[in-house]
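Undergrad: The feature domain 'Glycoside hydrolase family 9' is assigned by TrEMBL to 1-256. Sequence annotations record features per position, and here TrEMBL assigns active site to His186, Asp234, Glu243.
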Amino acid sequence: YWDEFVWGGAWLYYATGNSSYLQLATHPKLAKHAGAFWGGPDYGVLSWDNKLAGAQVLLSRLRLFLSPGYPYEEILRTFHNQTSIVMCSFLPVFTSFNRTKGGLIQLNHGRPQPLQYVVNAAFLAALYSDYLDAADTPGWYCGPNFYSTDVLREFAKTQMDYILGKNPRKMSYVVGFGNHYPKHVHHRGASIPKNKIRYNCKGGWKWRDSKKPNPNTLVGAMVAGPDKHDGFHDVRTNYNYTEPTLAGNAGLVAALVALSGDKSTGIDKNTIFSAVPPMFPTPPPPPAPWKP
């Protein structure tokens, strides 16, 4: 839960302008407990269970656009540097994460239900690209090598293209999009027919276990996704392939919105900071005109 203190503190600071929240979000001990200073196999993966990567991007925005300086600069610089490292890990030239033969990044290291993590990474990459562009920064360094922001948007685009059907199975993993998408979605709203009969939880099992296609099309729902071999089983009882989640669809919408405009569209740099007071004292008014 330490990551959620950083995440919540950042959002509450932006919402209220109360500096106590920024002090919380940037407290070194809090960041240490959240795992901000060390790696690990899942480092940099934004998920329902770990918000640290999102919090670091959010606080990098503060450093890029408002540059609050002391006493926040040291930890904000650390968050910013860690964000850059996370973005490097998404690039195919590095080996932090494997990819399927079809090109899907394995952020959960081959475990089931990969797409919820992929859409979050695509969102963060596109968003960070927008941040750098808005700060007139053409890219960032991964070790000695410089990469342009276009690389981040390309990563995000290729991952979303895979999800929407550009994959070995030619399967769209978003229900209702394209001509070939899952028809046996693991979801009550899709599998229980609209016959004006109220079913309890156990009563719904016969629909869960049915091999017939869903009577209702759950348009826009992103399912759990393929396995590490690009394989997919359209079976309702196998939720590791066919279950949609709120966490997954939140990332899906965020990534699609982030990619919906071209590079020239940019972002609104200021509205998110509308409640934040000036980071430095307001300069005094000019002296009154001198009269001899």
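Including glycine, each Cβ sits where the backbone N, Cα and C put it.
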Undergrad: Whole-number Å distance between the CA of Asp234 (active site) and the CA of His186 (active site)?
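TA: So the Cα of His186 (active site) lies 9 Å away from that of Asp234 (active site).
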Undergrad: Just name the most isolated of the active-site residues Asp234, Glu243, going by other Cβ atoms within 10 Å of its Cβ.
TA: Asp234
Undergrad: How many neighbouring Cβ atoms, not counting its own, are there within 10 Å of the Cβ of His186 (active site)?
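TA: Cβ-Cβ neighbours of His186 (active site) within 10 Å number 22.
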